[in-house]
Amino acid sequence: MGNPLQISIFLVFCIFIQSSACGQGVGTEPFGRSLGATEASKPLKKPETRFLLFQDENDRLGCRLRPQHPETLQECGFNSSQPLIMIIHGWSVDGLLENWIWKIVSALKSRQSQPVNVGLVDWISLAYQHYTIAVQNTRIVGQDVAALLLWLEESAKFSRSKVHLIGYSLGAHVSGFAGSSMDGKNKIGRITGLDPAGPMFEGTSPNERLSPDDANFVDAIHTFTREHMGLSVGIKQPIAHYDFYPNGGSFQPGCHFLELYKHIAEHGLNAITQTIKCAHERSVHLFIDSLQHSDLQSIGFQCSDMGSFSQGLCLSCKKGRCNTLGYDIRKDRSGKSKRLFLITRAQSPFKVYHYQFKIQFINQIEKPVEPTFTMSLLGTKEEIKRIPITLGEGITSNKTYSFLITLDKDIGELILLKFKWENSAVWANVWNTVQTIMLWGIEPHHSGLILKTIWVKAGETQQRMTFCPENLDDLQLHPSQEKVFVNCEVKSKRLTESKEQMSQETHAKK
């Protein structure tokens, strides 16, 4: 039998396929009760797709837009001069809609500088089915959305290029089917997939899922792609022009599988749904965050995999290799999907600041060492103390190591570093032994770690900096010792100024 974590993941996928993959409807009210709308409270005679428009950020009622009924355009306040954003929810296990829908509606309608029509594709009666049937219904709902947009073109002369579909989980694939169902050469303006569903879509052909061909621009945010037995809640493969993988896309900070058993004891099987919901729905909250914190936009960087990104090797913005996650993404189209990685915080605002550090070590001890380091950073705005450094391998003779550091705060321009070899009882004993042996040597020896240069690149600003030891006469680093590094250019400039001043004083004396 597998370990507890594997068992938990397996249990999650069993629940996903049979009942609640997308964590829809937990702790919410049915649509009619939640909105308080007379129309919404009527029982449906048969499963159907309905469309609602919202007047402002506080609107919880919505107004039903009926294709082939042009009077509803005026009744619902549709403005043909503004873009149309349609939100498409995912699968439902209990026939209820999620509270995040109203949050994203409010965030979109609150942006006064960019007024838009905001609508909801309510396919809850078709989503509240067994997962496999709900998957089949995504194509039907996509065709319904396409029919709505074609009707808007005919009745209101509204261009499909002004349409932005935002689909969560199964809703992402509904968006794709809507785009591929549109007649003619022109395409929908934009589709955003929020952790598009994985089961029954992973590995399928582009016409069987959301793909870059479904709109002029397609972006996707992948937040729960952790696989077990070949399945993942969110689709793992790239399916857009820009595919973002926050924290690698596998799982998200603040969502803990290891606490699943405790949650089950407290909340029953709803705890499993909540655990899935945390990582899967993080895609939604990252998108909402991009609307609510336009001054704190998260940046993703193109990279081949999370391993390379964790080494800080991918913080380049040249040739469109970085982009903004969320609503304000730069809409560049390319022939091949771009995979972008980034780190986020566990809560909003999610933005962090990415730095690549490259450190040149010279190990004068014969054997590889695996010490623990911390680094303190002083910037023009903030100071961060004692950041733990993990190199991932032992330090050998002469090598440069690269790693990624992320900061929750904007510290401004980096002006000083403090690098410390954290002491431990084991390393203290090893070091003392080495020093004792050295004393018996015939010739003088120099032992320890030498730090010559630290190179830094700031991902968000693309600034490159080189830091040199403040004291060039003592480059060795020993256990419990801390070295100060300053900007080499500043240090060089100060030395030059000092020499010039000394020269002037010498001439003055003559």
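Including glycine, each Cβ sits where the backbone N, Cα and C put it.
According to DSSP, Ser169 (active site, nucleophile) is assigned to coil rather than to any helix or strand. The active site, nucleophile annotation in Swiss-Prot covers Ser169.
Under the heading active site, charge relay system, Swiss-Prot lists Asp195 (among others). A 10 Å cutoff on Cβ-Cβ distances gives Asp195 (active site, charge relay system) a total of 31 other Cβ atoms nearby, all chains included.
Its Cβ placed at the centre, His280 (active site, charge relay system) has 29 other Cβ atoms within 10 Å. Annotation source Swiss-Prot lists active site, charge relay system at His280 (among others), citing sequence analysis.
The domain 'PLAT' annotation in Swiss-Prot covers 353-487.
The secondary structure of Asn79 (N-linked glycosylation site), as reduced to three states from DSSP, is coil rather than helix or strand. A 10 Å cutoff on Cβ-Cβ distances gives Asn79 (N-linked glycosylation site) a total of 14 other Cβ atoms nearby, all chains included. Annotation comment: Swiss-Prot describes Asn79 (among others) as N-linked glycosylation site, evidence class sequence analysis.
Under the heading N-linked glycosylation site, Swiss-Prot lists Asn398 (among others), citing sequence analysis as support. DSSP gives Asn398 (N-linked glycosylation site) a strand state. Counting every protein chain shown, the Cβ of Asn398 (N-linked glycosylation site) has 12 other Cβ atoms within 10 Å.
Residues or ranges marked as region 'Essential for determining substrate specificity' in Swiss-Prot (evidence: similarity to another entry): 255-278.
The signal peptide annotation in Swiss-Prot covers 1-21, and the record cites similarity to another entry as its basis.
When other Cβ atoms within 10 Å of the Cβ of Ser169 (active site, nucleophile) are tallied across all protein chains shown, the result is 31. Cα-Cα distance from Asp195 (active site, charge relay system) to Ser169 (active site, nucleophile): 5 Å (rounded to the nearest whole number). Using CA atoms as reference points, the recorded positions Asn79, Ser169, Asn398 were checked against His280 (active site, charge relay system), and the closest is Ser169.
Asn79 (N-linked glycosylation site) sits 66 Å from Asn398 (N-linked glycosylation site), taking the C-alpha atoms as the reference points. When averaged over the domain 'PLAT' (353-487), pLDDT in the model lands at 83. DSSP assignment over the domain 'PLAT' (353-487) gives 15 helix, 71 strand, 49 coil.
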